[in-house]
């Protein structure tokens, strides 16, 4: 419904010149909500379905061309939703530089290389213990839910809705990194990726241990499983590369400014886009943007994210 409504508003932006400025503000307001909802849909529906599809292919030991294409497209869409969400957060703030093409590609690839081994490990574990996946998900989800609760969030307007939001975030964390707390994320990221690496490795080793000796039916999976760990490490390497050399703050620091990602504290002063009137500020995206980014000196106008915001 929101996507259709956004198309309707976008159509009016193209043709209603007299109200173009107000419509642009309204369009930006809606687009931020859609980006967040798309991310939730991806990890609450599409990613579990992708895991199930991979499990079915491995169980039947055959795949139609359409299944292979659908699975490949699904992996790309999951990574794209993370990139789109990140770009939407940056476009919500007035003082943030936009991602360059190279930065966007690396951001996309690192998420792809981290998600693929995770889903493969879950599908392999389900191959031998289908009901064990439900137990595994329940235990890991509970641990992640408690972790999110300890970090503290203020996304919804009521305590009950806030708990539901934390539950959804825990589902996202079951597959991919998602920041929910202010402050530098380095230590939290190390803890999370270390936990995911150990957990996925144990799932893969459980499949290797539980498969029948001399089984030839899934022997082709041995090199695939062997490549999963290097794939995950490559994803971590790309993430380090992004923050070390390709993140927009590198460009800002070279010009004597400051534009740090994932917050270093004091996020209350983050400046919103000036095109947003007070009654059109998307409060939830504002909170998420303040969670991810810290206060910085305003960048020059020609470096701002005007395309996504205006």
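Keep in mind that glycine also has a Cβ here, set from the backbone N, Cα and C atoms.
Within its own chain, the transmembrane segment (68-85) is flanked in space by residues 35-36, 38-39, 42-43, 46-47, 49-50, 53-54, 57, 104, 107-109, 111-112, 115-116, 119, 175-176, which lie at least six positions past its ends and keep a Cβ under 8 Å from the stretch. TrEMBL lists 68-85 (among others) with the feature transmembrane segment.
The transmembrane segment annotation in TrEMBL covers 105-126 (among others).
Look at TrEMBL and you will find 133-152 (among others) tagged as transmembrane segment.
TrEMBL lists 164-181 (among others) with the feature transmembrane segment. Counting same-chain residues at least six beyond the ends of the transmembrane segment (164-181), those with a Cβ under 8 angstroms from any Cβ of the stretch are 39-40, 43-44, 47, 78, 82, 111, 114-115, 118-119, 137, 140-142, 144-145, 147-149, 151-153, 155-156, 188-189, 192-193, 262, 291-292.
The transmembrane segment annotation in TrEMBL covers 190-208 (among others).
TrEMBL lists 220-238 (among others) with the feature transmembrane segment.
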